[in-house]
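Engineer: So TrEMBL says this about it:
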| type | residues | note |
| --- | --- | --- |
| DOMAIN | 4-289 | domain 'Dihydroorotate dehydrogenase catalytic' |
| BINDING | S21, K45, S46, N126, K166, I192, G219, G245, G246, G267, S268 | FMN binding site |
| BINDING | K45, N69, S70, V71, G72, L73, N126, N193, T194 | substrate binding site |
| ACT_SITE | C129 | active site, nucleophile |
Amino acid sequence: MKTLQTKFCNVTFPSPLISVSGIVTSPQANAVLAKEKGIGAITWKSVSLRERKSHPVPVVVPYSSGYINSVGLQNPGLEQAAKDILHIKKQIRVPLIISIVAFQISEFYPLALGVAKTRPDFIEINLSCPNVDDEAGKPFGTDLLMTTLAIQEVKRAAGDIPVIAKLTPNVVDITEFARAAEEAGADAISAINTSGPGLLIDVSKRKPKLGHKIGGISGKAIKPLALRCVYEIAKTVNIPIIGIGGVSTGEDAIEMIMVGATLVGVGSAIFGVGNSIFPKIAQQMQDIMEKHHIRDLKSIKKCID
Ligand SMILES: Cc1cc2nc3c(=O)[nH]c(=O)nc-3n(C[C@H](O)[C@H](O)[C@H](O)COP(=O)(O)O)c2cc1C
């Protein structure tokens with residue numbers, strides 16, 4: 001049996017397959033997910049400084065090519081999240097990535113400091129959130145200066161905990177943002193967050209399918225976009241990458257590694273299949289490796305010119 005064990009930022013992961021932020025949300029459900037065969041790490045739902053309520057339902061809608069969501073970054077806020085993280089950490093044996101999200105640059109330092117006190121293995125910055133100080137409310141991740149400042153603030157608070165910058169695909173040139181993240185001190189990059197936003201209409205009701213009308217697109221529809229982004233980022237920076245977007249099979253995961261990802265995130269596919277998507281993808285990866293005489297994952301990483 002081929003090993004899927006993977007090193008990422010000097011941390012050993014039993015498998016490159018990790019859960020992405022926001023799909024499995026309750027702390028206890030994450031503890032259960034962490035026991036699944038084939039899973040390499042858990043990413044926590046993004047934590048903000050204060051509690052956030054969900055947007056009007058429905059907040060997640062499937063369609064023929066994936067999903068559209070407008071959850072609205074619902075979470076209990078730092079104080080409760082820190083208690084939950086400490087509780088769950090004792091129960092899980094795989095690395096834990098805590099995702100954080102802020103609405104002003106000044107929130108990043110206290111938020112990251114609070115999360116760092118729970119000693120996660122990584123802190124991931126969700127840069128796809130609108131900056132309320134910006135007149136247009138542009139997401140931090142679509143502005144190079146804001147991306148730099150957010151990462152610098154989190155790095156200042158994180159101490160020796162590695163920091164991952166999660167990039168949005170909703171920019172003209174993602175390599176500029178990857179380079180800015182590396183220069184600002186990010187230890188790794190994850191890409192991509194949802195694309196869009198998009199809109200779906202319920203013809204019989206003559207209204208949008210999502211309660212919030214518009215939302216981020218995920219799942220199969222965004223796989224080619226994610227592969228292109230990871231490919232370009234891998235050519236630009238020297239820090240490792242978590243490839244995310246539309247992965248639901250072993251072949252998808254191998255494609256992500258071939259374009260330059262070290263770890264591979266699985267999100268929307270959990271909705272369709274449940275937690276057993278992890279052993280399923282892991283087995284498919286091992287079968288592909290056997291069939292194509294792939295010695296180990298390192299030997300196929302970034303093999304596409
Ligand atoms: C319902 C839902 C909630 C999400 N919540 C978050 C979140 O809180 N933080 C974050 O960084 N990304 C969030 N995402 C984005 C995912 O982590 C991931 O980047 C995206 O869905 C693409 O991966 P996929 O195609 O495998 O789902 C969310 C996605 C969905 C579908």
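The backbone N, Cα and C atoms fix where each Cβ goes, glycine too.
Provide an account of the burial state, proximal residues and distances for the features listed.
Structural biologist: DSSP gives S21 (FMN binding site) a coil state; it is part of no helix or strand. For S21 (FMN binding site), the same-chain residues that are 6 or more apart in sequence and have a Cβ closer than 8 Å to its Cβ are T43, W44, K45, S46, I97, S99, E124, N126, K166.
Under a cutoff of 8 A between CB atoms, and with a sequence separation of 6+ in the same chain, the neighbours of G72 (substrate binding site) are R52, K53, S54, H55, V59, H212.
Taking a C-beta cut-off of under 8 angstroms and a sequence separation of 6 or more, C129 (active site, nucleophile) has the following same-chain neighbours: S46, L73, V101, A102, F103, P139, F140.
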Engineer: How many Å lie between the Cα of G246 (FMN binding site) and the Cα of T194 (substrate binding site)?
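Structural biologist: Cα-Cα distance, G246 (FMN binding site) to T194 (substrate binding site): 10 Å.
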Engineer: Between any two of S21, K45, S46, N126, K166, I192, G219, G245, G246, G267, S268, the residues recorded as binding FMN, what is the biggest Cα to Cα distance in Å?
Structural biologist: 19
Engineer: Per-residue pLDDT averaged over the domain 'Dihydroorotate dehydrogenase catalytic' (4-289) comes to what?
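Structural biologist: Overall, the domain 'Dihydroorotate dehydrogenase catalytic' (4-289) comes to a mean pLDDT of 97.
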Engineer: List, in residue order, those recorded positions out of S21, S70, G72, C129, G219, G246 with a Cβ under 6 Å from any atom belonging to ligand 1.
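Structural biologist: Cβ < 6 Å from ligand 1, in sequence order: S21, G219, G246.
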Engineer: For the recorded substrate site, enumerate neighbouring residues of the same chain (Cβ within 8 Å of the Cβ centroid of K45, N69, S70, V71, G72, L73, N126, N193, T194, site residues themselves excluded), in sequence order.
Structural biologist: G22, S46, S128, G216
